[in-house]
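Taken verbatim from TrEMBL:
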- Arg46: NADP(+) binding site (BINDING)
- Arg123, Ser124, Ser125, Asn235, Ala236, Gly275, Lys290, Pro291, Thr292, Pro293, Ser294, Arg316: FMN binding site (BINDING)
Amino acid sequence: MNSFGMKLRFSTFGESHGKALGCILDGVPAGLDIDEAYIQSELDRRKPGKSEFETARKEADKVEILSGVFEGKSTGTPIAMIIYNTNQKSKDYSNIKDVFRPGHADFTYFHKYGMRDYRGGGRSSARETAARVAAGAIAKLMLRSLGIEVLSGISEIHGIKAQKYNYSYVNESIIYALDPDIEPAQKEAVLEAKNRHDSVGGVSRVLIKGVPVGLGQPLYYKLDGVLADAMMGINAVKAVEIGDGVLSARALGSTNNDAIRANGFETNHAGGILGGISNGDDIVLNVYFKPTPSIFQKQHTVTTTNEEVDFSLKGRHDPCVAIRGTIVCEAMAALVIADMLLLNMGSTMSGLINYYK
Ligand SMILES: Cc1cc2nc3c(=O)[nH]c(=O)nc-3n(C[C@H](O)[C@H](O)[C@H](O)COP(=O)(O)O)c2cc1C
Ligand SMILES: C=C(O[C@@H]1CC(C(=O)O)=C[C@@H](OP(=O)(O)O)[C@H]1O)C(=O)O
């Protein structure tokens with residue numbers, strides 16, 4: 001179960017090499033137009049095996065709606081969706097049955113549960129994020145009907161940073177790059193690491209446009225806290241910044257404050273959130289992904305019986321998880337904002353009255 005979900009409750013099921021994965025999204029208001037082609041198009045953006053910049057595992061990621069939608073509209077009941085796995089090659093993974101891959105969740109899952117599904121990453125595999133993207137697409141449909149848009153793109157790969165953020169370019173780019181001029185160097189960094197059987201990290205920049213003033217609770221269940229939690233819940237995310245983030249700790253008050261004018265804020269160092277509450281400006285997040293842990297170089301590790309061994313991994317892995325991870329960031333951000341909107345309806349008497357009249 002997700003940790004936001006005051007109004008929207010969301011949980012996923014399934015393993016990387018199991019039969020299927022999917023989600024249940026409960027709390028979606030009745031009457032939302034459910035555009036199935038749009039949901040599929042979001043899954044297509046995240047699905048693996050589209051290029052040399054992604055894992056070679058090819059999955060169609062065809063999504064099927066099982067419940068909660070009737071005659072093209074949400075019914076207000078739980079929406080269940082399923083995605084069948086079709087390209088498991090579980091025998092590739094017999095060599096990780098008894099050893100822990102450094103950097104992956106093998107060690108901790110085994111010691112916590114006393115067993116693990118070693119077929120790929122099992123439940124810890126980011127294959128699960130397909131289900132998040134399906135749920136996120138429904139949240140995005142809800143937001144779209146209110147004029148709110150969630151966008152993202154890759155700003156940085158292996159320390160090579162975008163100089164501009166061109167969100168309308170992102171879907172033309174095979175690596176979802178924000179800066180077409182920097183993209184070639186970023187692609188080269190990925191392929192260069194891949195050729196050396198290594199991997200690289202990267203940063204996704206998320207932009208949420210059209211959010212009204214007032215989403216989020218003060219002090220507890222703050223909008224920035226809930227968004228950060230949702231991002232940190234994505235596999236391989238190691239840090240999240242709101243607005244200027246880390247840089248704001250190095251700034252002066254005089255340069256960090258966003259001056260206020262009658263028609264809005266002059267700058268947006270705050271990233272659209274003040275006091276845990278949206279201020280009406282764009283919400284900006286930077287989400288930092290570590291390099292893919294599964295690399296093909298020889299590594300030191302231990303077995304399940306704690307014997308030290310050198311081992312070399314086989315299997316199909318992303319050389320830079322941030323690339324497909326950016327689509328997952330959008331989905332999680334959309335779910336949080338949709339949840340906050342539903343919660344917000346009851347935060348003022350006029351909101352409640354508007355809802356019931
Ligand atoms: C979209 C996406 C794709 C990923 N692909 C891989 C992969 O191919 N191989 C791998 O070892 N890790 C991959 N990861 C990262 C692992 O799932 C993650 O590192 C692992 O679950 C351990 O969790 P942690 O890094 O958050 O500690 C991917 C992550 C995301 C978001
Ligand atoms: C299959 C997908 O990505 C997978 C994410 C992943 C991981 O460890 O996170 C490891 C690889 O798969 P497996 O679990 O077979 O080792 C990737 O191919 C997907 O995103 O659909």
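Just so you know, the numbers here start at 1 and follow the chain as drawn.
Glycine too: its Cβ is placed from the backbone N, Cα and C atoms.
Each of the binding-site residues Arg46, Arg123, Lys290 was assessed for Cβ neighbours inside 10 Å, and the highest tally belongs to Arg46. Considering only the residues assigned to FMN binding, Arg123, Ser124, Ser125, Asn235, Ala236, Gly275, Lys290, Pro291, Thr292, Pro293, Ser294, Arg316, the longest pairwise Cα distance works out to 44 Å.
DSSP assigns Lys290 (FMN binding site) to coil in the three-state reduction, outside any helix or strand. Checking the binding-site residues Arg46, Arg123, Ser125, Ala236, Lys290, Thr292 for a CB within less than 6 Å of any atom of ligand 2 leaves Ser125, listed in sequence order.
The local packing around Ala236 (FMN binding site), expressed as other Cβ atoms within 10 Å of its Cβ over all shown chains, amounts to 20.
The 6 Å Cβ screen around ligand 1 retains Ser294 from the binding-site residues Arg46, Arg123, Ser294, ordered by sequence position. Secondary structure at Ser125 (FMN binding site), taken from DSSP and collapsed to helix, strand or coil, is coil. Recorded residues Ala236 (FMN binding site) and Arg46 (NADP(+) binding site) have their alpha carbons 15 Å apart, per Cα-Cα distance. Taking Cα separation as the measure, Arg46 (NADP(+) binding site) is nearest to Ser125 of the binding-site residues Ser125, Lys290, Thr292. In the three-state DSSP classification, Arg46 (NADP(+) binding site) falls within a helix. The 10 Å shell around the Cβ of Ser125 (FMN binding site) contains 21 further Cβ atoms across the protein chains shown.
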